[in-house]
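Taken verbatim from TrEMBL:
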type	residues	note
BINDING	73, 116, 118, 119, 246	Mg(2+) binding site
C-alpha cells in the first residue's frame, strides 16, 4: 500500500497533538495556578495553558514536518521546549482514509498551520470551561483546507462517568468527523456572537438581522461548533478582533460540511503565511442560508469595517 499523503499525515498528527494539548489545558486548571498575564488589556489574556500548549503543538508538529510554516497566537521561543511537551503519536483512523485527489501532491513547504493554543482564554479564566477550544488549522494556497478543534471540557457537566473532552476534525472534499452534524431549527434565526468583545457596531448589526434569539459565547471555535450542531443559525461579529488562527481550523471544518464563512463584507479569508493576522472586517458564518444573513447586513456596518 502507498504511504499516506502528506496532508493526511499532518491531520493525523494534529489530532494527537490536540489531544495532548487538551491534557495540558486540564492539568493547568486542576493545578490551580493559571499564571494569567494581560497582553493588550483585561480582555486580552494569556495563561500558563496558552504558553505550554502552543509550545507543545508547534514543537511537536515542527519536529515531524520541519518545512511546514507554523504560526501561533503567542509570541514564544520554540527552542526551550521540554520533552514532556512533545507528542509524536498520530490517529491511525485518519491515516486509513484516502486523501482528496486535489491534495495528494502537496509538499511540506506549501502548508501553513495556524494555531490558537487556547481559544476562549477569558472564559477559561472565568471557569466557563465548555467555551474553550484548541485550534489547529491547515492552509494550502491561501485556503483553509483541514482543521482540528479539540474541546478539552466537552461533557464536563455531564457527571463523573462521562468521557471528558472531544476532538472534531475535517478535510475539504472529505467531510468532518467527531460530532453529529445538525441543522438549526427550520425558520428560526438564532445568532451566536461574542460574549466579551461586544460594541455598538456588533449590536447594531445583530439588531438589523432581527433574530429570534441571540447566544453570547466565548471563542471562535466554540461558535462554529454551535453552527454545526444546530444550536445557532449564524455567527455574526461586526468588529475587528478575530485573528487568522481563530478562524482557520473552524473554517475548514465548516466548509467541509457545506457551510460558509467570510468577513462581514462577504470577502473570503486568506491564510498564506504573509497575510496580516487580524480579520479586520469581522466574521459572518452559517451552516446553511448564508445569503439570507449576508443580504441583511446594513451598509453602514459594512462601511465601518475595512478589510
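The backbone N, Cα and C atoms fix where each Cβ goes, and this holds for glycine too.
Counting every protein chain shown, the Cβ of residue 246 (Mg(2+) binding site) has 26 other Cβ atoms within 10 Å.
Neighbour counts of Cβ atoms within 10 Å were compared for the binding-site residues 73, 116, 119, and the top value is held by 116.
Non-local neighbourhood of residue 118 (Mg(2+) binding site): 25, 47, 49, 50, 53, 124, 132, 134, each in the same chain, at least six residues away, with C-beta under 8 Å from its C-beta. The record gives 73, 116, 118, 119, 246 for Mg(2+). Within 8 Å of the mean position of their Cβ atoms, the other Cβ atoms in that chain belong to 50, 115, 117, 120, 121, 133, 134, 135, 219, 220, 221, 243, 245.
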